[in-house]
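A.B. asks: The domain 'ABC transmembrane type-1' feature in TrEMBL is assigned to A:117-321. For A:9-30, A:119-141, A:153-174, A:194-214, A:252-278, A:298-321, the entry in TrEMBL reads transmembrane segment.
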Amino acid sequence: MLTFIVRRLIAAVGLLLVVALITYCIFYELPQWAGMTVDNLASEFVGKSQNQDALNGVIDRFHFNQPFFVQYYDYVKAILVGDTYSDGTQLIHCNAPCFGYSFRNSEQVWPTLLDRFPVTFSLAIGAAVLWLIFGLAIGVISAVRKGSILDRSVMIVALLGVALPVYFVGPLIWMLDGFPAVSYSSFLSNPLSWAQALWIPWVALAFGYAAIYARMTRAGMLDALGEDFVRTARAKGLSNTRVILRHGLRAAIMPIVTMFGMDVGALLGGAVLVESVFSLPGIGYLAINSLGQSDLPMIMGVTLMAAFFVIIANLVVDVLYASLDPRVRMS
Amino acid sequence: MTLIEEAGVGGIPPQPEELAVAARREIEGRSLGRIAWDRLKRDKVAMAGGVLVILLILMAIFAPQLSSLEGQDPNSLNGTLIDPNYSTPIGGMGGISAHHWLGVDLPNGRDIFSRIVYGARYSLGIAGVSTLVAIVFGVVIGMIAGYFGGWIDNVLSRLMDLMLAFPVLLLSISILGVLPNTAFGLSGNSLRIALLIVVIGFFSWPYIGRIVRGQTIALREREFVDAARSLGASPFRIIFKEILPNLLAPIVVYATLLIPANILFEAALSYLGVGMREPTSSWGAMINAAIQTFQIDPEFLIVPGMAIFITVLAFNLFGDGLRDAFDPKASR
C-alpha cells in the first residue's frame, strides 16, 4: 500500500510539472505563435499604460529573449522558492509559492487566490453535499421502483436537468425566489447570511450534477441488483433494505465515488459559470474578472491552482480505490 | 465444437413444411443498420428528438428566409421600442408583438426571433464542426491506443483520462483570452469561430477516443483481423480497412451525444465573453447580455436559454435512442 501511495505521489508531481508546462505554453508561447511580438506580450502582462522601462523589466524578468526551457525553469523555480519582480519603478518580493505578480492590480497572485478560496470552497462543498444526497437517493429509489410512475417522472426531470445550463437555471431560481438581493459573507463572521447568499447557487449548481448522478446511480443499481450475489443475499433471508443498501448500492457506488472526487476537485479550482452568474467573489469569478482586465498572471495562477486540485483529487480517488479494492494495487 | 454443430445442421434434411414456410415469409436479409433503424423507429421519444434536430438544422439553414418571413433582421436597432423611462421593451412581455414574435433585446431593441434563428447557425455550426474535429482526433488516437496496446496504450490512456478530468473550461478561457484579436492570419468573427472549433474539438476528443479504444481492443482479437494479419496486411491497413468500418456505429452514436455537450461548451464560452461576441447573435452571447437586465426583462434571457435547452435536449434524446438502437445492452 505504501509503495502504491509513493508511486502515485511521484506520478502526481510529474503530472503537475507537465500541467505547469502546458499552462506556461498557453500564456507565454501561444500568443507568440499567434504572431504577438515580445513587446506586445510584455505590455499585455504589465498593462497598456506602462512605460518602456517597465516593459523591459518584464521582458527581462520572464527571460522572453532567452531559450524556452530557461523561461520554464525560472517559472517553476519561482513557485518553489519565490522570486523578485521589478515593475519598472520598484522591486517587489514574492514569497515562496510565487504564482506570479499581477501588474495590473499591484498584488501578488497567491495571497489573492487564498483570499478567494473560501468562497469557492463553500460553494463547492455545499452543492456537492446536495447533489450527492439527492442524486444517490433518487437513483436508488428509481432503480428499486423501476418502471413505476415515480421512476419515469424523476428520470424525465433528470433528462431535462442534464440539458439545462447553470447560467439559465440559476437566474430562473433567483426569479422564482423573487430576486433576493444577497451578498456573500464568510461563514465564520455570519453563518446565516453565508447560507442565505449561497443557497440559490448551491441549488443551481447541484441540479445538473444531481441529474447526472441520479442517472448513473440508477444504471449502476439496476446492474448490481441483477447480479447473482443479490439473489444469494435475498435467498439468505436478508431484509430488503439491507439487500438494496449493503449489497446493491455497495457494488454500484464505486464509479460514483470516483466521479464525485473528480467533480469536487474540478469545482474547487473555480466554479466559473455559477460564480459569474451570481457574482460570488470566488476563484472562478476572479478568473473571469481578470480576463476582462487582461490580467494574465492572475488567470495563470487560477489555471494552475485548478489543475492542482484536479491532480490532488485524482490522487485521493486512486488511493481510496486501492484501499477499497486490492486488485487495483497489484496492477 | 463448431464442426460438430455445423455437421448437425447440415445433416438434418429440411422438412417440406419448413421449406414452404420459408418460401411464404420470403427470407429477408437485414443488415445491422437496418435492424437498428427498425428499433429506432419504434422509439417514439428518440424519433421526436430526431425530428426536432432536423427542424433545428433547417432553422439554421433557412435563417435569412425565416427572418424575412417575420419582416425583421438580426442587427437593425429599434430604439423606439425601448421605454426610455424604465429602459425595458415597450408593452411588457419583453416587447412581444405581431412584428417581433419573440420580443426585442436590451438596450438596442434588436429583434430576438431573428437573432435566435441566426444564432442557431453559430451554435449548431461550431458544435458540429468541432465534433468532427474531435472525431478525427479521437478515432485515430483511440484506434492507435487500442490496436497497439502496451506502453503506447498506457501513455495515450493516461492522457485521455487526464484530459477528461481537467477543468477544460478554465483552460479554454485562458487560451481564448490570451490570444490577440488578430492571429494566425485571421481576425474578427472568423478568428473567433476558428478558435472555438479548434479549442472545443481539442478538448472533447478524449471522450470519443476512450470509446473507440475500448471497441478496438475487442475487435483486434477477432478472426477477420487475424486473417488480415496472416495475409501480411500492414497495421495501417488493418486499422483503417478492417477495424474502422466496424466502428462506424459507435462513432455515429457518440458523435450525436457529443454535439449537445459541445453546444453547451460553446454557449458557456460565449456567455463568459471569450467565445462569439457582440453584435454576433450567438445564444451564449445573448445570455451574457440578457443576464445584466434579467431582473427588469426576464423574457430576454428566457428565450435564448430555452433555445439552448431545447436544442441540447433534442440531441440528447435522439442520441440516447440511437445508442439504444445500435446497442440495446448499453441502455440505461
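Each position is counted from 1, following the chain as shown.
Every residue gets a Cβ built from N, Cα and C, even glycine.
Caution: TrEMBL annotation is automatic and unverified by curators.
Give me the local environment of each listed feature.
C.D. replies: Residues 150-151, 154, 158, 184, 187, 194, 198-199, 201-203, 205-207, 209-218, 220-221, 244-245, 248-249, 253, 256, 260, 263-264, 267-271, 274-275, 280-285 of the same chain lie 6+ residues outside the transmembrane segment (A:119-141) yet bring a C-beta within less than 8 angstroms of a C-beta in it.
When Cβ-Cβ distances below 8 Å are used as the criterion, the transmembrane segment (A:153-174) is approached by residues 138, 141-142, 180, 200-201, 203-205, 207-208, 210-212, 214-215, 218, 273-274, 276-278 of the same chain, each at least six residues removed from its ends.
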A.B. asks: What parts of the chain pack near the transmembrane segment (A:9-30), using Cβ distances under 8 Å and only residues at least 6 beyond its ends?
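C.D. replies: Same-chain contacts beyond the ends: 41, 62, 64, 68, 71-72, 75-76, 79, 296, 299-300, 303-304, 307-308, 311-312, 314-315.
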